[in-house]
Amino acid sequence: MGRYWLLPGLLLSLPLVTGWSTSNCLVTEGSRLPLVSRYFTFCRHSKLSFLAACLSVSNLTQTLEVVPRTVEGLCLGGTVSTLLPDAFSAFPGLKVLALSLHLTQLLPGALRGLGQLQSLSFFDSPLRRSLFLPPDAFSDLISLQRLHISGPCLDKKAGIRLPPGLQWLGVTLSCIQDVGELAGMFPDLVQGSSSRVSWTLQKLDLSSNWKLKMASPGSLQGLQVEILDLTRTPLDAVWLKGLGLQKLDVLYAQTATAELAAEAVAHFELQGLIVKESKIGSISQEALASCHSLKTLGLSSTGLTKLPPGFLTAMPRLQRLELSGNQLQSAVLCMNETGDVSGLTTLDLSGNRLRILPPAAFSCLPHLRELLLRYNQLLSLEGYLFQELQQLETLKLDGNPLLHLGKNWLAALPALTTLSLLDTQIRMSPEPGFWGAKNLHTLSLKLPALPAPAVLFLPMYLTSLELHIASGTTEHWTLSPAIFPSLETLTISGGGLKLKLGSQNASGVFPALQKLSLLKNSLDAFCSQGTSNLFLWQLPKLQSLRVWGAGNSSRPCLITGLPSLRELKLASLQSITQPRSVQLEELVGDLPQLQALVLSSTGLKSLSAAAFQRLHSLQVLVLEYEKDLMLQDSLREYSPQMPHYIYILESNLACHCANAWMEPWVKRSTKTYIYIRDNRLCPGQDRLSARGSLPSFLWDHCPQTLELKLFLASSALVFMLIALPLLQEARNSWIPYLQALFRVWLQGLRGKGDKGKRFLFDVFVSHCRQDQGWVIEELLPALEGFLPAGLGLRLCLPERDFEPGKDVVDNVVDSMLSSRTTLCVLSGQALCNPRCRLELRLATSLLLAAPSPPVLLLVFLEPISRHQLPGYHRLARLLRRGDYCLWPEEEERKSGFWTWLRSRLG
């Protein structure tokens, strides 16, 4: 599998998508779809504003997370067996959805939320698996007009309800054997199965169903179909009569017999019949008599050797006739003795064996507008052949020898606008009447190889010109006239052409030229031969330039000086015999209006910011079949001026540390969308680790990534140093606290917390070293002294009664559990002492959680805000307000304190 990187930053005018790091999705605007159309095989809808294609999908939810929510077209390919409910509910504006996911079932509600969807397609390998669709699968698709299911087999009794606005239904490459099975799959099609009187489809496509051989009588009763496509199926058209179709206008079919589908034509009064790639051979008069309703008849590649007499007379309404790819040796369409006139407007006789056209070949076709005679064996043409074709607009004679053309051979065609003479051996005449009427605007012509310079006489007011150069042509051609004021499109195919423009430059000869295509051309004839090697044709109105090299360019030609150029395509400019690497700035110069740039097999090796500084309007950059690309780090600083879309397709980035900066940069990019499809493995990597191999290679081998590793290591060290005080705090407080709680819980399980037990101490006194003086001088005499001055209680003081050598936590726990009452002496210093905090926290926890909690008394030696106490202690104060007291400074109030303490200690 290839490697895909998807890195965001879409156009600011589009909803910005963030968080994309890697994906196998490609997004584009509809206007730019032709640049990347190969990745949108199933949804080539350039009228949509925004499209996305995702390949190798295995986790649909994860894949769709990176797709912009505003896409109108979505193509998905991969392996996802089940479509879950609300699978596309995040895309309410979706209009076209194509799924090639090897689906086996759609769960109810899978297409919920797609109220604007107009076209839905399911694709799979033919006859491989079944697709389960619930009856209400399309109930939410209120705008659906087109439904295509190609490949999977449907249940014959699925009972799927169709959206009311559906106009186009296709079930192709499936297991269907009988047309009547459609009634079980889609019962709405049959009259009486729903509230509709009858269903009308613009097109029903059943093509390429290799098992389709039957049509059960009455199975589609009442259905109205404008176009029915049965091409590449074994079903004979004669079966269609009994289907019960209320209407059928056009039929695409193949016939298993050597007969025209005349019965179907007569039964439905068809307006169109297209029978291709069938062995008809000849047409009988009986079959011809049934075709009087036809307006279109297509009989391409049907093995016809001749046409029956009265062929056109039998079809008075016929407007379009296609007879290409047959074995006709003569075109006897018009019978002079009858004088009948046909309404035919289009006639295609291409690919036959016509050598000579009779004088009256087209005499009955005064309404003919398009005549196609390509790839026959015509040797000569005379003007009288076209005398009756006063309305003819298009004449195509490509692929005929045409060794002789009569004088003024096109003079009889005043309406002719398009003429194609490619792949002919025509000898052009300088006489003014050679090209016929002045309305000729589009001309395609092959120039013969000449031993000496020659003048190329052309119509002056052409708008489109295509010139193919014969191999071996090396001499100059001088154009006549010297100016073509209306020419907008020029295509030159083949190398060796040298146009002599006289004293004028190209802009003077072609002042209106907007589109220029140079095919199979090395550009040597269009570039200066000095050190600069600049493109010579300075055309101020040129908007599109396409160059397809012949693989023999000696050096790059700099395309510059075209102020209106919007689209530039350069392909196959790399020399096959002497390949060399080039920089983008050697190919593209100052093009201020350029919006789309496509480079394919040009030898490009690196991209730098310098190349983009003269391309201020560039929006799309496509790189195809370029090897070992390096992206210079100067692009990092130039990021705000980068194109909105960069596609690196079927190309590979060099496994070089110069590219190490790129991955983190593109992940942070906020304006440029970059899609990289790279199939290459770096040295030392196997096929199993191909995905993401370049990033892993750069991570392991490049000093830039070593610096990153050192940065991460130092960051981890700093983090650890910051965390040490926290760990120390946990060691001094929370860990002992948890240990103590565990011991209390464990002793409770062992029965040591029973109410009847005898206590070793009456009071456990918790205090800090700073408060020890108050405990000894004030508290100890009052509690341990004998009556009447004291209470005669036994106190547990940590400094005096803790067992030497025993763990502090164990001493605290044992002493608390061995005391009837816990007395915490609190002050500012005590709250900062770790042991006092532990004792207070433990005592509070026992008060709140123990099944037989001890008495907890709090003595505050100084005023302390409750916000200074931990949460547990604040809660304890709120629960038992009588268990705490403040030590008074005034002597007269101390007796009240001792009275409170004696009452609490009983």
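Every residue, even glycine, has its Cβ placed from backbone N, Cα and C.
What Swiss-Prot annotates here:
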SIGNAL    1-21  signal peptide
TOPO_DOM  22-709  topological domain 'Extracellular'
CARBOHYD  Asn59  N-linked glycosylation site
REPEAT    91-114  repeat 'LRR 1'
REPEAT    115-140  repeat 'LRR 2'
REPEAT    142-170  repeat 'LRR 3'
REPEAT    198-222  repeat 'LRR 4'
REPEAT    224-247  repeat 'LRR 5'
REPEAT    316-338  repeat 'LRR 8'
CARBOHYD  Asn336  N-linked glycosylation site
REPEAT    341-364  repeat 'LRR 9'
REPEAT    366-388  repeat 'LRR 10'
REPEAT    462-484  repeat 'LRR 13'
CARBOHYD  Asn505  N-linked glycosylation site
REPEAT    510-533  repeat 'LRR 15'
CARBOHYD  Asn552  N-linked glycosylation site
REPEAT    562-586  repeat 'LRR 16'
REPEAT    591-614  repeat 'LRR 17'
TRANSMEM  710-730  transmembrane segment
TOPO_DOM  731-906  topological domain 'Cytoplasmic'
DOMAIN    759-905  domain 'TIR'
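The structure, with features from Swiss-Prot marked on it.
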{"residue": "Asn59", "record": "N-linked glycosylation site", "DSSP class": "coil"}
{"residue": "Asn505", "record": "N-linked glycosylation site", "DSSP class": "coil"}
{"residue": "Asn552", "record": "N-linked glycosylation site", "DSSP class": "coil"}
| said: I'm trying to understand the geometry here, so how far is the Cα atom of Asn59 (N-linked glycosylation site) from the Cα atom of Asn552 (N-linked glycosylation site), in Å to the nearest whole number? | reply: 46
| note | Quick tally, other C-beta within 10 angstroms, Asn59, Asn505, Asn552; top of the glycosylation sites is Asn552
| note | If you measure between the CA atoms of Asn552 (N-linked glycosylation site) and Asn505 (N-linked glycosylation site) and round to the nearest Å, you get 26
| field | DSSP-assigned states of the repeat 'LRR 4' (198-222) in counts, ordered helix, strand, coil | value | 0 helix, 7 strand, 18 coil
| query | Counting only residues 6+ away from its ends, which parts of the chain sit with a Cβ under 8 Å from the repeat 'LRR 1' (91-114)? | reply | 42-43, 45, 48, 51, 57, 60, 64, 67, 69-85, 120-125, 128-134, 136-138, 140-141, 152
| Long-range neighbours of the repeat 'LRR 17' (591-614), counting only residues six or more past its ends (CB under 8 A) | 32, 35, 556, 559-560, 562-575, 579-585, 620-632, 634-635, 637-638, 641-643, 654
| Can you count helix, strand and coil residues in the repeat 'LRR 10' (366-388) using DSSP? | 4 helix, 5 strand, 14 coil
| request: Please give the average pLDDT for the repeat 'LRR 13' (462-484) in this predicted model. | output: 80
| What is the number of residues in the repeat 'LRR 8' (316-338) that are helix, strand and coil, as DSSP sees it? | 0 helix, 3 strand, 20 coil
